[in-house]
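Annotated in Swiss-Prot:
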- Asp57: active site (ACT_SITE)
- 26-33, Glu245, Asn272, 315-322: ATP binding site (BINDING)
- Cys285, Cys288: Zn(2+) binding site (BINDING)
Amino acid sequence: MDLTVEPNLHSLITSTTHKWIFVGGKGGVGKTTSSCSIAIQMALSQPNKQFLLISTDPAHNLSDAFGEKFGKDARKVTGMNNLSCMEIDPSAALKDMNDMAVSRANNNGSDGQGDDLGSLLQGGALADLTGSIPGIDEALSFMEVMKHIKRQEQGEGETFDTVIFDTAPTGHTLRFLQLPNTLSKLLEKFGEITNKLGPMLNSFMGAGNVDISGKLNELKANVETIRQQFTDPDLTTFVCVCISEFLSLYETERLIQELISYDMDVNSIIVNQLLFAENDQEHNCKRCQARWKMQKKYLDQIDELYEDFHVVKMPLCAGEIRGLNNLTKFSQFLNKEYNPITDGKVIYELEDKE
């Protein structure tokens, strides 16, 4: 019985159960190109389903990758009717929070105290304060996920069968994935406090008839739903992206161990920017040969360390992989592994930018 794991993502691309797919790794290894490629291939292979690609990276490269502007609201990729993109903007989300707080303070200003609070918050004071909190980007990204789940459950707006996350570099991503457990513990403590001090807190905060305990319980239930889904291998998986160099391999191993500690499924690695040995002299200089020799050394280590993973080896292309056309050409090698002999010409077809 052949137990060899396929060196491609065909099983993931054709999966009908996955709701959440995270794509992450060290900075500069091609995470955005990889996440765009996965999203495109899934959309092409399952035309009757809707897919959403979300950037949780503050750098926001989806617009650059596709060559069109995306924002905080999901918008279809031009040329595809079942793939949408959105870029979570923490600064815009903080401004919305600040405006909401100003409105709330002004509405509760009948006793004169709300006017003072409203004046204090005018000019973005809340946004300035919270914007400096470590991990706020990850928290806001997590809030967007929660809002998306709630809209899906209530049948509001467009529904998506699968959400692909183009994540921030490793440290940010790990903080993001820790949030369900962290929030669950935090809300447990808040629940104990509000059960004892709920009426006093309502009075102090001018919350009127707002049931703080009820709101916390609702939030806790939503967080628990996400935690359960993120740890279900049929619903969620993480695709690691790296290049064939020591530091990238080291960080990939650290990332995988962390993901395992979170009980999150991880069984795929995309190795980008591989030169591959070429037979023709025109494209096989001494520097290329030396670099391929170095890459091959770490590739052998990856194959040995992760023999039960889908290890996808992607070529370094002659030009930038930008625009839907180039991304589609490149992404085919996630579904069917790249062969330097038969597919080598494709990497030079991408030499001219769209």
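Note: Cβ is positioned from N, Cα and C throughout, glycine not excepted.
When secondary structure is read from DSSP and collapsed to three states, Glu320 (ATP binding site) falls in the coil class. The two recorded residues, Lys26 (ATP binding site) and Cys288 (Zn(2+) binding site), have Cα atoms 23 Å apart. In this view, the densest Cβ surroundings among the recorded positions Asp57, Glu320 belong to Asp57, judged by other Cβ atoms lying within 10 Å. When other Cβ atoms within 10 Å of the Cβ of Thr32 (ATP binding site) are tallied across all protein chains shown, the result is 23. Cα of Glu320 (ATP binding site) to Cα of Cys288 (Zn(2+) binding site): a distance of 18 Å. When secondary structure is read from DSSP and collapsed to three states, Asn272 (ATP binding site) falls in the strand class. Summarising the environment of Cys288 (Zn(2+) binding site), the number of other Cβ atoms within 10 Å of its Cβ, over all protein chains shown, is 15. In the three-state DSSP classification, Lys26 (ATP binding site) falls within coil. Local packing around the Cβ, expressed as the count of other Cβ atoms within 10 angstroms, is greatest for Val29 among the binding-site residues Val29, Cys285, Cys317.
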